[in-house]
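A.B. asks: This is the structure I have questions about; it appears just below.
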Amino acid sequence: MEFKFSDADAKEGILVYGETSEKQIFKVYVVGMKGKVMLDEENIMEFELRTDDSLFHNIIVRFSPGTFNLYVDKVVQRRHFNESLSFTTVQFGAPIPTDVSEVGVTACVKNIYVDHHDIIDLMMFNNDSRVLATKVRPCIDEDLSDISGIKLFSADPLVVLTSEPEIATASEDDSASILAANLFPSPANKKKQHSMAPTSCEKPNAYKCQNGAGCKKDSDTEFTCFCRDGYIGKFCQFTTLPRSCSEAKDFLKLPNGPTWVDVDGNQKLDPSVAACVDGVTHIPHNMAQSTVVRDAGFQNHSLFVLSYRDFNTWQLAKYMKNSQTCSQTVNYRCNKAPLRFKEGRTWFKSVTNSTKKIRQMGKLDNSCVCMDTGCQSGAKCNCDSRSITEDLGELVGENAGISEVVTLYDEADVHAAMSISELKCSGYQNENPIRFTGRTELQ
């Protein structure tokens, strides 16, 4: 989650408060610029916020097997943590009412995710029965109904949490679904982490058990591999995860939502999480919309590096190769700041080819889509006319999956901003794919 204090004189309170299936209380709270993470009476970790309070603070809590990870304002801390926690209730900005007197934080918040689910989106746009909201209002003056985008990983509108939430009441029928269930389930095909049997094999046999499997020695010549969820086979060498959202929909009939995918099947790349919507993969990146890429105040060339959520470069390149089509839209709004693709003043690079300079916003090299109907002043892009205008184009295939944007400095440039859409991929590399989802004999 990201948050910014609403009151400079009230920088304290509960940020995250959760109850586990074992009735343990987990909480993250701050007092001034310092904070703590607690599980019942145990102090799991302490942290400090950056001193610059004008920007949003960022907190990520991640439990992995045997490790607790905390990311606060670009500082990462880790410690051994052997407990496995399953939450029945998670609350943001306020404690769950108990006999102990505690206050919630008064803050502007955005980008709240639990197991890849966008909580603000579920609350404000989907009316999801798993989410109960009180004392929440927009932080800024905007019509929230106009905010559009994919519902799983898009940037959230800003909302404010007050320090005095109303006590929400639910009917007897509703209370079970809201409080007793796992409030925010993870991806539909979540890879559950369960304990592996202790490794008791000789090393040569232990190495035969793949993908993090446990190994148990049965005799001098026999052993058994204990597979993690998502893998099968004598040596746990086969994955059961889909390679793409298209596979998840067509073969496994998984619902829309965050979905585990293994882009290279049984090979070395780790699984990742994709946002699947009707078989189409939506992969957002971290370059903000309307990023200023040219300005009269700039004194040097500019390089913008994009990274994609839950995919590293190799995973994304493989995912694109597995797909029939991938596309990305680029919008360049300019004030006397031309693109000048042909002269090499602007170019992109893609994750599929880090050496190729992509100098186009459309199908033709060194040009924009407006070439189809006629660009302003007879140029190859509207912005090359040195007027106040824009160019909008789509990059497809290997040109999509933008990893870098380079704009070279020119003292005559006034201003230009660029927006790059999320990457969308669909279909299969081969026209008629075959997937075995169970034991099958070929006759």
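The count begins at 1 with the first shown residue.
Backbone N, Cα and C define each Cβ position, glycine as well.
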A.B. asks: Of the cysteines C227, C245, which is paired with C236 in the disulfide recorded by TrEMBL?
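C.D. replies: As annotated by TrEMBL, the paired cysteine is C227.
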A.B. asks: Report the DSSP secondary-structure composition of the domain 'Laminin G' (1-139) as helix, strand and coil residue counts.
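C.D. replies: The domain 'Laminin G' (1-139) comes out at 6 helix, 71 strand, 62 coil.
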A.B. asks: Which residues in the same chain, at least 6 apart in sequence, have a Cβ under 8 Å from the Cβ of C236 (disulfide bond)?
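C.D. replies: C209, Q210, N211, A213, C225, F226, C227, R228 - these are the non-local Cβ neighbours of C236 (disulfide bond), listed in sequence order.
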